[in-house]
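Report on the following structure.
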Amino acid sequence: MLVRELPEHLGRAVTVCGWVQTLRLQRRMQFVLVRDHSGTVQLAHRRGGQQDLLEQELERLTPESAVRVTGRVVADDAVRLGGLELVPEAVEVLGRAEPRLPIDAHTGPEQRLDWRFLDVRRRPQAQLLFAVQTTFEAGLRAFAQAEGCTEMHTPKLMGSASESGAEVFELGYFGRSAYLAQSPQFYKQMAIAAGIDRVFEVGPVFRAEPSYTARHATEFTGVDVELAWTAGVEDVMDFEERMLTHALALVAERHGAEIREHFGVEVTVPQLPFPRLAMAEAQQLLRAEGWDPEGAKADLDPEGERRLAALVQQRTGHEFVFVTHYPAAIRPFYHARSAQQPGLTLSFDLLWKGLEITTGAQREHRHEVLLRQAAEKGLSPEPMRHYLDAFRFGCPPHGGFGLGLARVLMVLLGLESIREAVFLFRGPNRLTP
Ligand code: AMO
(Lines of atoms letter the chains of each structure in order from A and count residues from 1; the text may use other names and numbers.)
(Lines give C-alpha, C1' and ligand atoms only; values in the text may rest on other atoms or scores of the structure.)
Protein backbone atom coordinates (compact mmCIF):
# COMPACT_ATOMS: atom_id res chain seq x y z
CA MET A 1 0.00 0.00 0.00
CA LEU A 2 1.16 3.54 -0.67
CA VAL A 3 1.61 6.00 2.17
CA ARG A 4 -0.85 8.42 0.62
CA GLU A 5 -3.58 5.77 0.81
CA LEU A 6 -3.26 5.32 4.60
CA PRO A 7 -6.04 7.76 5.64
CA GLU A 8 -8.55 5.41 4.00
CA HIS A 9 -7.43 2.58 6.31
CA LEU A 10 -7.68 4.15 9.73
CA GLY A 11 -7.91 1.51 12.49
CA ARG A 12 -6.86 -1.34 10.17
CA ALA A 13 -3.64 -3.33 9.75
CA VAL A 14 -1.70 -2.49 6.59
CA THR A 15 1.67 -3.19 4.96
CA VAL A 16 3.80 -0.37 3.63
CA CYS A 17 7.11 -0.60 1.74
CA GLY A 18 9.57 2.26 1.71
CA TRP A 19 12.82 3.73 2.99
CA VAL A 20 13.82 4.77 6.48
CA GLN A 21 14.02 8.54 6.43
CA THR A 22 14.87 9.40 10.04
CA LEU A 23 15.13 7.61 13.36
CA ARG A 24 14.32 9.14 16.73
CA LEU A 25 15.15 6.51 19.33
CA GLN A 26 13.99 7.86 22.69
CA ARG A 27 14.01 6.30 26.13
CA ARG A 28 10.39 5.16 26.04
CA MET A 29 9.45 5.45 22.42
CA GLN A 30 11.04 4.68 19.06
CA PHE A 31 9.91 6.88 16.16
CA VAL A 32 10.85 6.05 12.59
CA LEU A 33 9.83 8.03 9.53
CA VAL A 34 9.26 5.80 6.50
CA ARG A 35 9.01 7.33 3.05
CA ASP A 36 7.76 5.97 -0.25
CA HIS A 37 7.36 7.94 -3.45
CA SER A 38 3.88 9.07 -2.40
CA GLY A 39 4.64 10.44 1.06
CA THR A 40 5.98 9.85 4.56
CA VAL A 41 4.50 8.12 7.60
CA GLN A 42 5.69 7.92 11.20
CA LEU A 43 6.05 4.57 12.97
CA ALA A 44 5.62 4.86 16.73
CA HIS A 45 6.69 1.96 18.93
CA ARG A 46 6.57 1.88 22.72
CA ARG A 47 9.63 0.02 23.99
CA GLY A 48 8.77 -3.33 25.57
CA GLY A 49 12.05 -4.23 27.23
CA GLN A 50 14.43 -7.12 26.72
CA GLN A 51 11.99 -9.58 25.15
CA ASP A 52 10.84 -7.03 22.59
CA LEU A 53 12.22 -8.26 19.26
CA LEU A 54 10.58 -5.42 17.34
CA GLU A 55 12.37 -2.90 19.57
CA GLN A 56 15.70 -4.55 18.69
CA GLU A 57 14.88 -4.56 14.98
CA LEU A 58 14.02 -0.85 15.07
CA GLU A 59 17.16 -0.10 17.05
CA ARG A 60 19.31 -1.64 14.31
CA LEU A 61 17.71 0.31 11.42
CA THR A 62 19.87 2.63 9.35
CA PRO A 63 18.65 5.63 7.32
CA GLU A 64 17.72 4.74 3.72
CA SER A 65 17.34 1.04 4.41
CA ALA A 66 14.52 -0.47 2.35
CA VAL A 67 11.89 -1.86 4.72
CA ARG A 68 8.51 -3.57 4.74
CA VAL A 69 6.36 -2.56 7.70
CA THR A 70 3.13 -4.12 8.89
CA GLY A 71 1.17 -2.18 11.45
CA ARG A 72 -2.09 -0.54 12.47
CA VAL A 73 -3.07 2.89 11.25
CA VAL A 74 -4.01 5.10 14.21
CA ALA A 75 -5.13 8.69 14.44
CA ASP A 76 -2.94 11.05 16.42
CA ASP A 77 -3.60 14.76 16.22
CA ALA A 78 -0.12 15.51 17.52
CA VAL A 79 1.44 14.02 14.37
CA ARG A 80 2.08 16.56 11.67
CA LEU A 81 1.95 14.06 8.81
CA GLY A 82 -1.78 13.97 8.14
CA GLY A 83 -2.71 13.33 11.79
CA LEU A 84 -2.00 9.61 11.64
CA GLU A 85 0.78 7.18 12.37
CA LEU A 86 1.52 3.48 12.18
CA VAL A 87 1.90 1.30 15.25
CA PRO A 88 4.25 -1.34 13.86
CA GLU A 89 3.77 -5.04 14.45
CA ALA A 90 6.57 -6.26 12.20
CA VAL A 91 9.42 -4.53 10.42
CA GLU A 92 11.46 -6.40 7.86
CA VAL A 93 14.68 -4.98 6.41
CA LEU A 94 14.70 -5.89 2.71
CA GLY A 95 17.80 -3.91 1.76
CA ARG A 96 20.09 -2.61 4.50
CA ALA A 97 21.77 0.74 3.83
CA GLU A 98 25.33 1.23 4.99
CA PRO A 99 25.32 3.44 8.09
CA ARG A 100 27.12 6.45 6.54
CA LEU A 101 25.31 8.01 3.58
CA PRO A 102 27.52 9.61 0.91
CA ILE A 103 25.22 12.67 0.53
CA ASP A 104 23.17 14.91 2.78
CA ALA A 105 21.24 18.18 2.55
CA HIS A 106 24.49 20.17 2.16
CA THR A 107 26.07 18.13 -0.63
CA GLY A 108 27.07 20.13 -3.74
CA PRO A 109 25.54 19.53 -7.18
CA GLU A 110 28.37 17.48 -8.73
CA GLN A 111 28.52 15.03 -5.83
CA ARG A 112 24.75 14.74 -5.89
CA LEU A 113 25.04 13.68 -9.55
CA ASP A 114 27.59 11.02 -8.51
CA TRP A 115 24.92 9.64 -6.17
CA ARG A 116 21.96 10.48 -8.35
CA PHE A 117 19.90 7.44 -7.29
CA LEU A 118 20.02 8.58 -3.66
CA ASP A 119 19.49 12.19 -4.66
CA VAL A 120 16.34 11.34 -6.63
CA ARG A 121 15.05 8.94 -4.00
CA ARG A 122 15.35 11.48 -1.20
CA ARG A 123 13.87 14.53 -2.94
CA PRO A 124 10.13 14.72 -3.68
CA GLN A 125 10.84 17.36 -6.37
CA ALA A 126 13.02 14.94 -8.30
CA GLN A 127 10.37 12.23 -8.04
CA LEU A 128 7.73 14.66 -9.26
CA LEU A 129 9.85 15.71 -12.23
CA PHE A 130 9.74 12.22 -13.72
CA ALA A 131 6.00 11.94 -13.15
CA VAL A 132 5.56 15.28 -14.94
CA GLN A 133 7.82 14.14 -17.77
CA THR A 134 5.74 10.98 -18.19
CA THR A 135 2.49 12.97 -18.34
CA PHE A 136 3.96 15.54 -20.72
CA GLU A 137 5.22 12.83 -23.08
CA ALA A 138 1.90 11.00 -22.86
CA GLY A 139 0.17 14.28 -23.82
CA LEU A 140 2.45 14.79 -26.82
CA ARG A 141 1.99 11.21 -27.94
CA ALA A 142 -1.80 11.27 -27.54
CA PHE A 143 -1.98 14.47 -29.58
CA ALA A 144 0.32 13.11 -32.29
CA GLN A 145 -1.69 9.91 -32.57
CA ALA A 146 -4.99 11.78 -32.69
CA GLU A 147 -3.52 13.86 -35.53
CA GLY A 148 -2.64 10.73 -37.48
CA CYS A 149 1.10 10.49 -36.69
CA THR A 150 2.89 7.15 -36.80
CA GLU A 151 5.48 6.63 -34.09
CA MET A 152 8.88 5.71 -35.53
CA HIS A 153 12.16 4.42 -34.09
CA THR A 154 14.99 5.39 -36.39
CA PRO A 155 18.60 4.16 -36.14
CA LYS A 156 21.01 5.93 -33.86
CA LEU A 157 24.02 4.33 -35.54
CA MET A 158 24.76 5.95 -38.86
CA GLY A 159 27.33 5.54 -41.60
CA SER A 160 27.68 9.32 -41.97
CA ALA A 161 26.84 12.41 -39.93
CA SER A 162 23.16 13.41 -39.81
CA GLU A 163 23.38 17.19 -39.55
CA SER A 164 26.40 19.44 -39.98
CA GLY A 165 29.03 16.85 -39.23
CA ALA A 166 30.88 19.04 -36.76
CA GLU A 167 29.25 17.83 -33.56
CA VAL A 168 29.20 14.13 -34.18
CA PHE A 169 30.51 11.27 -32.03
CA GLU A 170 32.53 8.82 -34.06
CA LEU A 171 32.94 5.23 -32.97
CA GLY A 172 34.59 2.08 -34.22
CA TYR A 173 32.28 -0.22 -36.18
CA PHE A 174 33.76 -3.52 -37.35
CA GLY A 175 36.89 -1.96 -38.75
CA ARG A 176 35.31 1.25 -40.02
CA SER A 177 33.65 4.35 -38.54
CA ALA A 178 30.07 4.83 -37.47
CA TYR A 179 28.47 7.97 -36.04
CA LEU A 180 25.85 8.51 -33.36
CA ALA A 181 22.77 10.28 -34.73
CA GLN A 182 22.73 14.01 -33.97
CA SER A 183 19.04 14.02 -34.83
CA PRO A 184 16.55 11.71 -36.57
CA GLN A 185 16.39 14.43 -39.23
CA PHE A 186 17.36 12.38 -42.30
CA TYR A 187 15.30 9.38 -41.29
CA LYS A 188 12.13 11.23 -40.42
CA GLN A 189 12.30 12.84 -43.85
CA MET A 190 12.94 9.41 -45.36
CA ALA A 191 9.78 8.19 -43.60
CA ILE A 192 7.87 10.94 -45.43
CA ALA A 193 9.36 9.68 -48.70
CA ALA A 194 8.23 6.20 -47.60
CA GLY A 195 4.63 7.42 -47.62
CA ILE A 196 4.25 7.51 -43.83
CA ASP A 197 2.59 10.89 -43.96
CA ARG A 198 3.03 12.11 -40.43
CA VAL A 199 5.75 10.81 -38.14
CA PHE A 200 6.62 11.22 -34.51
CA GLU A 201 9.65 9.98 -32.59
CA VAL A 202 10.85 10.30 -29.02
CA GLY A 203 14.43 9.15 -28.84
CA PRO A 204 18.04 9.80 -27.89
CA VAL A 205 20.02 12.51 -29.65
CA PHE A 206 23.81 12.77 -29.40
CA ARG A 207 25.83 15.96 -29.74
CA ALA A 208 29.62 16.09 -29.44
CA GLU A 209 29.44 19.73 -28.37
CA PRO A 210 32.06 20.82 -25.85
CA SER A 211 29.42 23.06 -24.22
CA TYR A 212 29.46 23.54 -20.48
CA THR A 213 26.31 25.64 -20.26
CA ALA A 214 23.28 24.94 -18.08
CA ARG A 215 21.21 24.03 -21.17
CA HIS A 216 23.46 21.67 -23.14
CA ALA A 217 23.90 17.93 -22.78
CA THR A 218 25.87 15.58 -25.02
CA GLU A 219 22.98 13.11 -24.97
CA PHE A 220 19.37 14.20 -24.64
CA THR A 221 15.88 13.07 -25.54
CA GLY A 222 14.48 14.65 -28.66
CA VAL A 223 10.83 14.79 -29.66
CA ASP A 224 10.69 14.91 -33.45
CA VAL A 225 7.76 15.44 -35.78
CA GLU A 226 7.63 15.50 -39.57
CA LEU A 227 4.49 16.25 -41.57
CA ALA A 228 3.89 15.60 -45.27
CA TRP A 229 1.95 17.76 -47.72
CA THR A 230 2.44 20.93 -45.69
CA ALA A 231 1.61 24.13 -47.53
CA GLY A 232 4.37 25.92 -45.65
CA VAL A 233 6.12 26.38 -42.35
CA GLU A 234 2.93 27.86 -40.82
CA ASP A 235 1.41 24.37 -40.84
CA VAL A 236 4.34 23.10 -38.80
CA MET A 237 4.08 25.90 -36.23
CA ASP A 238 0.31 25.40 -35.96
CA PHE A 239 0.86 21.73 -35.23
CA GLU A 240 3.53 22.35 -32.63
CA GLU A 241 1.64 25.01 -30.70
CA ARG A 242 -1.45 22.83 -30.52
CA MET A 243 0.63 19.84 -29.48
CA LEU A 244 2.38 21.73 -26.68
CA THR A 245 -0.85 23.27 -25.46
CA HIS A 246 -2.48 19.86 -25.31
CA ALA A 247 0.40 18.34 -23.33
CA LEU A 248 0.70 21.32 -20.96
CA ALA A 249 -3.04 21.22 -20.25
CA LEU A 250 -2.64 17.59 -19.21
CA VAL A 251 0.31 18.46 -16.94
CA ALA A 252 -1.63 21.35 -15.38
CA GLU A 253 -4.62 19.12 -14.72
CA ARG A 254 -2.66 16.18 -13.23
CA HIS A 255 0.21 17.93 -11.46
CA GLY A 256 -0.57 21.65 -11.24
CA ALA A 257 -1.05 21.67 -7.46
CA GLU A 258 2.04 19.51 -6.73
CA ILE A 259 4.19 21.61 -9.06
CA ARG A 260 3.07 24.75 -7.23
CA GLU A 261 3.88 23.13 -3.89
CA HIS A 262 7.28 21.64 -4.76
CA PHE A 263 8.66 24.01 -7.40
CA GLY A 264 6.75 27.22 -6.61
CA VAL A 265 5.74 27.47 -10.27
CA GLU A 266 2.29 27.98 -11.76
CA VAL A 267 1.64 25.87 -14.87
CA THR A 268 -0.38 28.00 -17.25
CA VAL A 269 -1.89 26.61 -20.41
CA PRO A 270 -0.82 28.94 -23.23
CA GLN A 271 -3.30 30.73 -25.47
CA LEU A 272 -3.37 29.96 -29.20
CA PRO A 273 -1.88 31.12 -31.47
CA PHE A 274 1.62 31.77 -30.12
CA PRO A 275 3.13 35.08 -31.25
CA ARG A 276 5.34 34.92 -34.36
CA LEU A 277 8.10 37.34 -35.17
CA ALA A 278 10.47 37.34 -38.15
CA MET A 279 14.14 37.42 -37.20
CA ALA A 280 14.60 40.85 -38.83
CA GLU A 281 11.71 42.28 -36.80
CA ALA A 282 13.05 40.65 -33.65
CA GLN A 283 16.39 42.35 -34.16
CA GLN A 284 14.76 45.69 -34.87
CA LEU A 285 12.78 45.36 -31.68
CA LEU A 286 15.91 44.57 -29.70
CA ARG A 287 17.85 47.45 -31.26
CA ALA A 288 15.01 49.83 -30.44
CA GLU A 289 15.45 48.71 -26.83
CA GLY A 290 19.13 49.56 -27.02
CA TRP A 291 20.52 46.01 -27.35
CA ASP A 292 22.79 45.36 -30.30
CA PRO A 293 25.98 43.59 -29.37
CA GLU A 294 28.57 43.01 -32.07
CA GLY A 295 28.39 39.53 -33.56
CA ALA A 296 24.67 39.03 -32.98
CA LYS A 297 23.71 40.37 -36.39
CA ALA A 298 22.45 37.19 -38.02
CA ASP A 299 21.48 35.13 -35.01
CA LEU A 300 20.27 35.76 -31.50
CA ASP A 301 22.57 34.70 -28.71
CA PRO A 302 21.06 33.37 -25.47
CA GLU A 303 21.00 36.86 -23.96
CA GLY A 304 19.22 38.19 -27.07
CA GLU A 305 16.70 35.35 -26.81
CA ARG A 306 15.98 36.17 -23.18
CA ARG A 307 15.54 39.87 -23.90
CA LEU A 308 13.33 39.22 -26.90
CA ALA A 309 11.11 36.85 -24.94
CA ALA A 310 10.78 39.44 -22.17
CA LEU A 311 9.76 42.11 -24.70
CA VAL A 312 7.22 39.82 -26.33
CA GLN A 313 5.79 38.93 -22.96
CA GLN A 314 5.48 42.61 -22.03
CA ARG A 315 3.62 43.31 -25.25
CA THR A 316 1.47 40.23 -25.66
CA GLY A 317 1.45 38.57 -22.24
CA HIS A 318 2.66 35.39 -23.96
CA GLU A 319 5.52 33.23 -22.65
CA PHE A 320 6.17 31.63 -26.05
CA VAL A 321 7.40 33.18 -29.27
CA PHE A 322 8.19 31.68 -32.68
CA VAL A 323 11.13 33.47 -34.26
CA THR A 324 10.90 32.89 -38.02
CA HIS A 325 12.76 33.60 -41.28
CA TYR A 326 16.32 32.95 -40.15
CA PRO A 327 19.00 33.82 -42.72
CA ALA A 328 20.02 30.86 -44.88
CA ALA A 329 23.66 31.42 -43.89
CA ILE A 330 23.00 30.18 -40.34
CA ARG A 331 20.52 27.39 -41.10
CA PRO A 332 21.10 23.86 -42.40
CA PHE A 333 21.04 23.17 -46.15
CA TYR A 334 17.77 21.22 -45.94
CA HIS A 335 15.67 24.21 -44.83
CA ALA A 336 13.43 25.57 -47.59
CA ARG A 337 14.09 29.16 -48.65
CA SER A 338 11.58 31.95 -49.10
CA ALA A 339 10.59 32.40 -52.76
CA GLN A 340 10.45 36.19 -52.29
CA GLN A 341 13.63 36.51 -50.23
CA PRO A 342 15.95 33.62 -51.10
CA GLY A 343 18.41 34.70 -48.43
CA LEU A 344 15.87 33.71 -45.78
CA THR A 345 14.70 30.26 -44.73
CA LEU A 346 11.16 29.09 -44.00
CA SER A 347 12.28 28.03 -40.55
CA PHE A 348 11.70 28.90 -36.92
CA ASP A 349 12.95 28.55 -33.40
CA LEU A 350 10.44 28.39 -30.58
CA LEU A 351 11.47 30.22 -27.42
CA TRP A 352 9.76 29.61 -24.09
CA LYS A 353 10.55 32.20 -21.41
CA GLY A 354 13.63 33.04 -23.44
CA LEU A 355 15.03 29.52 -23.85
CA GLU A 356 15.14 27.84 -27.26
CA ILE A 357 13.11 24.64 -27.00
CA THR A 358 12.59 23.85 -30.70
CA THR A 359 13.98 24.27 -34.18
CA GLY A 360 11.76 23.53 -37.15
CA ALA A 361 11.27 24.27 -40.84
CA GLN A 362 9.58 23.61 -44.09
CA ARG A 363 12.09 21.34 -45.89
CA GLU A 364 13.50 21.67 -49.36
CA HIS A 365 12.02 18.62 -51.12
CA ARG A 366 13.18 19.28 -54.68
CA HIS A 367 16.25 17.16 -55.34
CA GLU A 368 18.10 19.60 -57.59
CA VAL A 369 17.51 22.56 -55.24
CA LEU A 370 18.60 20.46 -52.26
CA LEU A 371 21.82 19.52 -54.07
CA ARG A 372 22.47 23.17 -54.84
CA GLN A 373 21.88 24.24 -51.25
CA ALA A 374 24.18 21.48 -49.95
CA ALA A 375 26.90 22.56 -52.40
CA GLU A 376 26.56 26.18 -51.25
CA LYS A 377 27.36 24.98 -47.72
CA GLY A 378 30.38 23.08 -49.02
CA LEU A 379 28.76 19.69 -48.33
CA SER A 380 29.63 16.79 -50.56
CA PRO A 381 26.63 14.75 -51.76
CA GLU A 382 28.42 11.39 -51.59
CA PRO A 383 28.19 10.72 -47.82
CA MET A 384 24.51 11.78 -47.93
CA ARG A 385 23.66 9.75 -51.00
CA HIS A 386 21.03 7.59 -49.30
CA TYR A 387 19.36 10.66 -47.83
CA LEU A 388 19.41 12.55 -51.13
CA ASP A 389 18.05 9.55 -53.02
CA ALA A 390 14.83 9.92 -51.02
CA PHE A 391 14.15 13.14 -52.97
CA ARG A 392 14.59 11.64 -56.45
CA PHE A 393 11.42 9.62 -56.76
CA GLY A 394 8.46 11.78 -55.84
CA CYS A 395 9.01 13.23 -52.40
CA PRO A 396 6.04 15.33 -51.21
CA PRO A 397 6.52 18.77 -49.66
CA HIS A 398 6.95 18.45 -45.92
CA GLY A 399 8.12 20.14 -42.75
CA GLY A 400 8.80 19.31 -39.14
CA PHE A 401 10.51 20.17 -35.91
CA GLY A 402 12.68 18.86 -33.09
CA LEU A 403 11.86 19.64 -29.46
CA GLY A 404 14.31 19.16 -26.57
CA LEU A 405 12.45 17.36 -23.79
CA ALA A 406 14.79 18.37 -20.97
CA ARG A 407 14.67 22.01 -22.05
CA VAL A 408 10.88 21.95 -21.76
CA LEU A 409 11.10 20.50 -18.26
CA MET A 410 13.65 23.14 -17.26
CA VAL A 411 11.31 25.94 -18.21
CA LEU A 412 8.16 24.22 -17.00
CA LEU A 413 9.57 23.61 -13.51
CA GLY A 414 11.82 26.66 -13.29
CA LEU A 415 15.05 24.62 -13.05
CA GLU A 416 18.41 26.35 -13.37
CA SER A 417 20.22 23.52 -15.07
CA ILE A 418 19.51 20.73 -17.50
CA ARG A 419 21.40 18.46 -15.08
CA GLU A 420 18.35 18.56 -12.82
CA ALA A 421 15.94 17.93 -15.68
CA VAL A 422 17.23 14.48 -16.65
CA PHE A 423 17.76 11.29 -14.70
CA LEU A 424 21.43 10.76 -15.58
CA PHE A 425 23.11 13.75 -17.18
CA ARG A 426 25.70 13.38 -19.92
CA GLY A 427 28.09 16.26 -20.62
CA PRO A 428 31.68 16.70 -21.76
CA ASN A 429 32.79 16.14 -18.16
CA ARG A 430 30.29 13.50 -17.17
CA LEU A 431 29.96 9.94 -18.39
CA THR A 432 29.12 8.36 -15.03
CA PRO A 433 27.25 6.91 -13.27
P1 AMO B 1 18.34 21.52 -33.09
O2 AMO B 1 19.76 21.19 -33.28
O3 AMO B 1 18.00 22.96 -32.87
O4 AMO B 1 17.48 21.06 -34.35
O5 AMO B 1 17.76 20.67 -31.90
C6 AMO B 1 16.37 20.65 -31.60
C7 AMO B 1 16.13 20.99 -30.13
O8 AMO B 1 16.84 20.08 -29.30
C9 AMO B 1 17.28 20.75 -28.13
N10 AMO B 1 18.75 20.69 -28.05
C11 AMO B 1 19.44 20.35 -26.95
N12 AMO B 1 19.05 19.99 -25.73
C13 AMO B 1 20.00 19.68 -24.83
N14 AMO B 1 21.33 19.69 -25.09
C15 AMO B 1 21.78 20.04 -26.31
N16 AMO B 1 23.08 20.02 -26.58
C17 AMO B 1 20.82 20.40 -27.31
N18 AMO B 1 20.90 20.77 -28.61
C19 AMO B 1 19.63 20.95 -29.04
C20 AMO B 1 16.78 22.18 -28.22
C21 AMO B 1 16.63 22.35 -29.71
O22 AMO B 1 15.70 23.36 -30.01
N23 AMO B 1 17.00 18.50 -36.89
C24 AMO B 1 16.69 19.73 -36.20
C25 AMO B 1 15.23 19.81 -35.83
C26 AMO B 1 14.30 19.93 -37.04
O27 AMO B 1 14.49 20.86 -37.86
O28 AMO B 1 13.36 19.14 -37.13
C29 AMO B 1 17.52 19.82 -34.94
O30 AMO B 1 18.05 18.84 -34.45
O31 AMO B 1 15.54 22.23 -27.54
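Glycine residues also receive a Cβ, built from the backbone N, Cα and C atoms like all the rest.
Annotated features, as they stand in TrEMBL:
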{"type": "BINDING", "residues": "E163, R207, T359, R363", "note": "L-aspartate binding site"}
{"type": "BINDING", "residues": "R207, A208, E209, E356, G404, L405, A406, R407", "note": "ATP binding site"}
{"type": "DOMAIN", "residues": "130-433", "note": "domain 'Aminoacyl-transfer RNA synthetases class-II family profile'"}
{"type": "REGION", "residues": "185-188", "note": "region 'Aspartate'"}
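Rounded to a whole number, the C-alpha distance linking E356 (ATP binding site) with R207 (L-aspartate binding site) is 16 angstrom. Only R407, in sequence order, out of the binding-site residues A208, R363, L405, R407 have a CB under 6 Å from ligand 1. Checking each of the binding-site residues R207, T359, R363 against L405 (ATP binding site) by C-alpha distance, the shortest gap belongs to T359.
Between the CA atoms of A406 (ATP binding site) and R363 (L-aspartate binding site) there is a gap of 25 Å, rounded to the nearest whole number. Per Cα geometry, G404 is the residue among the binding-site residues E209, G404, R407 nearest to T359 (L-aspartate binding site).
Taking only the Cα positions, the spacing between E209 (ATP binding site) and R363 (L-aspartate binding site) is 25 angstrom. Mapped onto three states, the DSSP output places E356 (ATP binding site) in strand.
Residue counts of the region 'Aspartate' (185-188) by helix, strand and coil are 4 helix, 0 strand, 0 coil (DSSP-based). Counting only the Cα atoms, the space from A208 (ATP binding site) to R363 (L-aspartate binding site) is about 25 angstrom. The two recorded residues, R407 (ATP binding site) and R207 (L-aspartate binding site), have Cα atoms 15 Å apart. Taking every protein chain shown into account, R363, R407 are the binding-site residues, and of these the Cβ with the most other Cβ atoms within 10 Å belongs to R363. Cα separation, G404 (ATP binding site) to R207 (L-aspartate binding site), rounded: 12 Å. Maximum intra-site Cα distance, ATP binding residues R207, A208, E209, E356, G404, L405, A406, R407: 19 Å.
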